[in-house]
Amino acid sequence: MFYPDQFDVIIIGGGHAGTEAAMAAARMGRQTLLLTHNIDTLGQMSCNPAIGGIGKGHLVKEIDALGGLMAKATDLAGIQFRILNASKGPAVRATRAQADRVLYRLAVRTALENQPNLMIFQQQVEDLIVENDRVVGAVTQMGLKFRAKAVVLTVGTFLDGKIHIGLENYSGGRAGDPPSISLSQRLRELPLRVNRLKTGTPPRIDARTIDFSQLTPQLGDTPIPVFSFLGNAEQHPEQMACHITYTNEKTHEVIRNNLDRSPMYAGIIEGIGPRYCPSIEDKVMRFADRNSHQIFLEPEGLTSNEIYPNGISTSLPFDVQMQIVRSMKGLENARIIRPGYAIEYDFFDPRDLKPTLESKYIQGLFFAGQINGTTGYEEAAAQGLLAGLNAGRFANEEDGWSPRRDEAYLGVLVDDLSTLGTKEPYRMFTSRAEYRLMLREDNADLRLTETGRKLGLVDDIRWAHFSQKVEQIEKERQRLRDIWVHPHSENVSEINALLKAPLSKEANGEELLRRPEIDYRLLTSLTSFGPALTDPQSADQVEIQVKYEGYITRQQEEIEKQLRNENTLLPVDLDYQQVSGLSNEVIAKLNDHKPSSIGQASRISGITPAAISILLVWLKKQGLLRRSA
């Protein structure tokens, strides 16, 4: 039977991608349905109990700047917060938080259940309703049909998921959850390229059986950072320490002696695993010269005895897992309460997607998260927000939106996926962004919140907070520009005491702040330049904008040159066989990728500058040279 109500957008899957997608579509005013196999696992952290990190924290800040959920949920659930790369430049500084699994899930579910325009329904989806190459709904396991104008697939590792522990394996979406077999089979019938990937998780350890006195504690930062631009440290629950131990030669010997029982090394697992989060058996074999590997023992929550040993993801048999754990200092008597495992699952080639994450072949069908070949909660959540936004726009017959590479790490993410695809689980790093000085954590709201407001994602509270912050920054910078001191000023000795060389000519506050020996706090402590801003976010922004102004200006000039290519559009249905002068290799690659712009085409491996020139000349001759606004 058909459900009586029609929806604008259906989201299939309630993980990090699905929850952000559902919230985004609903915030835009679209009637949204979130279909999940289990309401109790909405927003579940399936692997490590942490949010953020290098590149990943940048994505979380961008999600927050666009009105998303992840940063706010982390502030309510975070039990340890740290700024990584704190001693380095602002472009690569990143926030990371340990999170209480239960509190995180509760924060996500509470937000979903209180979001207007959003309905949640518990049923596993087994089929899509596709008519004339357009998706129009979904069918659940009991035959209930839901109709919608757009559908977003955020099914994680559930598509034909297979769990491996040693040489044994069984079907599963993750430990304790069933796989999605019927939906996987249905999607394989569509004109989409599909492949297999693999990821893994470590065994969980009972904290009561660990001798923490032998371990090095790792504490969070003080003052405690926050993730959301609207957050404050008072929202955080009780803070906890992590601890550090190490593998050793005994650990490595256990692993080497049992490689024949590893499903990876026995050839049972076909999917490729994440390069930057390898299993412990992979680390031991790939880095044979290393005598030890650092392992972080991370608490799973305030009310749990479970410890997540970050660094020993494994699919070796349980008896070998026990030997590995007990070979390490402080864990000699440790008990495992959940075995580690590897999971293989279907993913769909993201080159078959537009930068909006809509399928090039099935109208109204959007993909987000691990189904696109990514790994990580943050990458999934960012894609989910974008897919939910664009599904909402599609349902309202509006053009899709996606950020450019110079506007957001989210732009880098979707451009990499839709242009280059991936053969291994893709994770974000700051090194993937060529304009990372512009794409800092601290300015994510300045880059994206105004756009989010225009798109209908940003509510009045966030907009008022943002507008006040922008005004504060502008006024403070103008104030510093207006205050001048000269070598004979009354208070010049106070300033000279901070400088390597005495002031030799007149200077204003911004010029003094550009000097490496002076920061904003020091400058505003001087009689002439006080008082300082009380909002630390605004104060940091003033300092960064002033100190890095020259570098930022140069990078902006580079971006403007590149934008000419980015804004030159390519027809979606163009057959590149028509373009005389292109080599067969270039024609094949362009027809395979179907790039949406000259800029995107130029980033495809093997597409030369000469080929781009030929293409531009041909477009002009044919009267097809169009540029986006």
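Every residue gets a Cβ built from N, Cα and C, even glycine.
According to Swiss-Prot, the FAD binding site annotation covers G13, G14, G15, H16, A17, G18, V125, S180, Q370, on the basis of sequence analysis. Taken from Swiss-Prot, the feature NAD(+) binding site applies to 273-287.
Structure with Swiss-Prot features highlighted.
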| residue | record | Cβ contacts under 8 Å, 6 or more apart |
| --- | --- | --- |
| G13 | FAD binding site | L35, T36, L153, T154, V155, G156, F158, G369 |
| G15 | FAD binding site | G43, Q44, S46, T154, G156, G369, A380 |
| A17 | FAD binding site | T154, G156, A368, G369, Q370, A380, A381, Q383, G384, A387 |
| R275 | NAD(+) binding site | E424, P425 |
| S279 | NAD(+) binding site | G200, M264, G273, S313, T314, S315, A342 |
| E281 | NAD(+) binding site | I255, L259, S262, M264, Y265, T314, S315, L316 |
| K283 | NAD(+) binding site | R290, H293 |
| M285 | NAD(+) binding site | R256, L259 |
| F287 | NAD(+) binding site | H293 |
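DSSP assigns G273 (NAD(+) binding site) to coil, not to a helix or a strand. Of all the binding-site residues listed (V125, C277), V125 sits in the most crowded Cβ setting, with the most other Cβ atoms within 10 Å. Distance between Cα atoms for V125 (FAD binding site) and C277 (NAD(+) binding site): 30 Å, as a whole number. Shown are the binding-site residues G273, Q370; of these, the residue with the fewest other Cβ atoms within 10 Å is G273. DSSP assigns E281 (NAD(+) binding site) to a helix in the three-state reduction. The maximum pairwise C-alpha distance among G13, G14, G15, H16, A17, G18, V125, S180, Q370, the residues recorded as binding FAD, is 18 Å. In the three-state DSSP scheme, Q370 (FAD binding site) is classed as helix.
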